[in-house]
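Undergrad: Let me begin by handing over the structure; questions about it come next.
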Amino acid sequence: MMNLSDPAIAVRDLRVSRGGAEVLHGLTFEVPRGQVTGLLGPSGCGKTTLMRAIVGVQIVSGGEVSVLGEPAGSAGLRRKIGYSTQSPAVYRDLTVLENLRYFAAVLGVPKDDPERVLAEVGLTGAAHQLGSTLSGGQLGRAGLAVALLGRPELLVLDEPTVGLDPVLRQELWTLFHRLAEGGTTILVSSHVMDEAARCERLIVLRQGEILADDTPDVLRAHTGTTDLEEAFLRLIEERAVA
Amino acid sequence: MSFAITLATAGRIMTQLRHDRRTVALMVLVPTLVMILLYYVMDDERSFGRWAPILLCVFPFLVMFLITSIATLRERTSGTLERLMAMPLGRLDLLLGYGLAFGLAACAQVALALAVSLTWLGLDLPGPLWPLVLVALLNALLGTALGLLCSAFARTEFQAVQFMPIVMIPQILLGGILVPRGQMATVLEWISDVLPMSYAIEAMTHAVADADPGGEFWRDVVVVAGSAVLALLLGAATLRRRTP
């Protein structure tokens, strides 16, 4: 049995190559339990690859990834991690509810769970719509709803708020914080800096390396700016000088 | 592997089919329509009696091969396969789910084609009906299994449909339909000996012509069933939890 003070995710010297080029160059970091940790960085910095490695669907070339005390990809983790990909992995030729019912059956979660997660992402009204008729934002929320099935201990969410209007974005962030208060660990990626301020911890990634790994406040203090976008630029400059 | 997950997967695939009525209509009607066309082209009961079993063999295989390879390719490209691989779903759950759902679709297909052939088109069966149904269903299963396997080697739908002639045409040419297998060049006969369709066609010919299908029929059935199982296992091996 693992200790609650142990990190939810511990990554050591993780290296991943894709298409012959190394895209993650030896990352080492930890993600604390029961918090919202933001994975930030520009498109192409390796966020998705890192998340895939944590979920255990990415072939890695070196290093260790341990999730909830087990090596990433272990069979025992498959019910404990909720994963939503950037392009929503839902069946376009099924309705939202049919999608959720199927994934709920695969996970073996209670029968009323699909209705619960639909309400949580605000999609109850579109329950009987086919995936192919949903808007991009609705599809994204359907994908997120699948990840919430069965109340997993760890949520790995790849850009879950892309294309959403500000009200919905606000609602989803409220949901993330509520889940974190209940003990769920959330790793959420974004390329939008204004979302960084909503995280309790930030990991800033650029070109497959970690630029910073701290709380938003410490990052602001360290870079001498209140604006995270500005902080990001300072970090890059700092790196260039060093 | 879990029985409940396999069933849920088969149910999900059937629901997907239910939302795509045109595909279902095509799947069920096309073999029957081709049967009718064949009947009028042959215009003679003996030739029809010789060709009908072959079509009953080829169609379930062909259709199941095509729809399975496209459907699994879709799972791969839409990200749903990756999602499932991160969930407690066994690889055989997915494959058997497809086999089960499309096998049921194949039943409907074969049932209609057979019913029309035996009544309106006057196909005469000296023996019982079940051997014919058995072979047709095994063929559908073989098509599903090979479709799953081939979809692993296709990155786009364009590539996937091209596998159809590669897998189909040599099997038809070498299956003893156009030239009896014994009259082929030795090398071709060897190739013919390892292609499952050769046995399927032979079994179907026995099922249609014999009053009491005997040992040879059962040998052929075992070969076709074994090929389907082998293709399913190879297909399972191509599904990877971790991808590059």
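Quick reminder: no glycine exception, Cβ is built from N, Cα and C everywhere.
Here TrEMBL flags B:18-242 as domain 'ABC transmembrane type-2'. Taken from TrEMBL, the feature transmembrane segment covers B:24-42, B:48-73, B:94-123, B:129-153, B:160-179, B:221-239.
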Undergrad: For the transmembrane segment (B:94-123) and the transmembrane segment (B:160-179), check the count of CB pairs under 8 Å (sequence separation 6 or more) and say whether it reaches 3 or more.
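TA: With fewer than 3 qualifying Cβ pairs, these stretches do not touch.
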Undergrad: Do any residues, 6 or more residues outside the transmembrane segment (B:160-179), come within under 8 Å Cβ-to-Cβ of it, and if so which ones?
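TA: Sequence-remote neighbours of the transmembrane segment (B:160-179) are 54, 58, 61-62, 65-66, 69-70, 73, 146, 150-151, 153-154, 188, 191-192, 195-198, 200-202.
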Undergrad: Take the transmembrane segment (B:221-239) and find every residue of the same chain, 6 or more past its ends, with a Cβ under 8 Å from one of its Cβ atoms.
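TA: Counting only partners 6 or more residues beyond its ends, the transmembrane segment (B:221-239) has Cβ contacts under 8 Å with 81, 85, 91-92, 94-96, 99, 134-135, 138-139, 141-142, 144-146, 148-149, 152-153, 196, 199-200, 203.
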